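For 1-442, the entry in TrEMBL reads domain 'Major facilitator superfamily (MFS) profile'. Here TrEMBL flags 12-33, 53-72, 84-103, 109-130, 142-160, 166-186, 251-273, 285-305, 317-339, 351-375, 387-407, 413-436 as transmembrane segment.
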């Protein structure tokens, strides 16, 4: 392979960025409600609702996300990763038109379900697409674009939402889908998919597009892909994920990391950020500004991981993230406990909680999130990758729904501190598991990673 910014490497990044515009569209749906939540609950709301209704509107997006991942994974193995992702653009546009022209609580809920359904398609197909177009030396940087795009969507909403009217904000978010459709339409599907479908000519064409290599190098990589796909297609797919030790281990790791990254607090913090900062007394700047800073730091953490995941490796990033986020969440919980449950005067140190929450978010996006995306694309065979991605997405949906739906009751009956103590305990459990079980996949081919996993028994 040739080094530097070659044509093939540039094509990898262009395709990855185009694909991940669908991820931006997903996160804008998720983060759309954060900057306008207080407005929706106020007297001038275009969609009047109670706090209880708002809680369900926030969390119901996960219902749609629960339905779509498994069929999306199966379909992506039959018609390709690209079509599964491309269809999300029109679906998101329809959902925003529903909100704009039929502004009721019921229609908002229905639109959120449709958005969640589309998110399931994106979260199932996009990590697989990125992992299969990337070379093994750039896989970390390419796949990290996935969560960088996720955080970019939140930052866009945090920065724009406070300054637009309800309807203009909805139109703005709708318009973000158009660049995705126009740019991703022209990108090729992955060489792995074309080999799976038996079209070796298209597989070679796709691989040539994404690589700068000699004919011998292309032939060697294509033969490796073909061997891997043929060997995997002789296996039993979903059954192998349960019966084979290496598949079982990979699935367990994926389930643990998808659960830990959300239960560490990001799911609730990204949605309730403005409310959390509003509950913190004596802040010298507005909660909207702190929320924008939060979005910037989350994106910055993801960008940093793009440059470190292929140099430092997956395990160091994962462990640094777990240790740092545990410390931040535990101290934040202690601060809120002292603030609301004791007579200790800590209100003069109001900066502690926002600063720690921002640091936590940056550390989380440096390790837990990008490594999860990498493992989704690296730990599984080509014929189980789509199914594994679906199972991971379903796990994310269930955990996220639980996290969002219990946040307000825990806050009301126990206190804000209890949420942060739950988050820190989850990180401690997950981090301990990763220390003993998470493999290092940096710079390894899929075949090498499979051999590494066969060393485990679970």
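Backbone N, Cα and C atoms are what each Cβ position is placed from, and that goes for glycine too.
TrEMBL labels come from automatic prediction, so no person has curated them.
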Contact ranking winner - 251-273, 317-339, 387-407 against the transmembrane segment (351-375), Cβ under 8 Å: 317-339
Leading stretch by Cβ pairs under 8 Å, where the reference is the transmembrane segment (12-33) and the options are 84-103, 166-186, 285-305, 317-339: 166-186
Whether the transmembrane segment (387-407) meets the transmembrane segment (166-186): three or more C-beta pairs under 8 angstroms: no
Same-chain residues at least 6 beyond the ends of the transmembrane segment (251-273) whose Cβ lies under 8 Å from its Cβ atoms: 30-31, 33-34, 37, 58, 154, 158, 241-242, 287, 290-291, 294, 298, 318, 322, 325, 329, 357, 360-361, 364, 368-369, 371-372, 375-376, 379, 388, 391-392, 395-396, 399-400, 403-404, 407, 419-420, 422-423, 426-427, 429-431, 433-434, 437-439, 458
Recorded stretch that, among 53-72, 166-186, 285-305, has the most CB pairs under 8 Å to the transmembrane segment (142-160): 285-305
Confidence summary (mean pLDDT) of the domain 'Major facilitator superfamily (MFS) profile' (1-442): 87
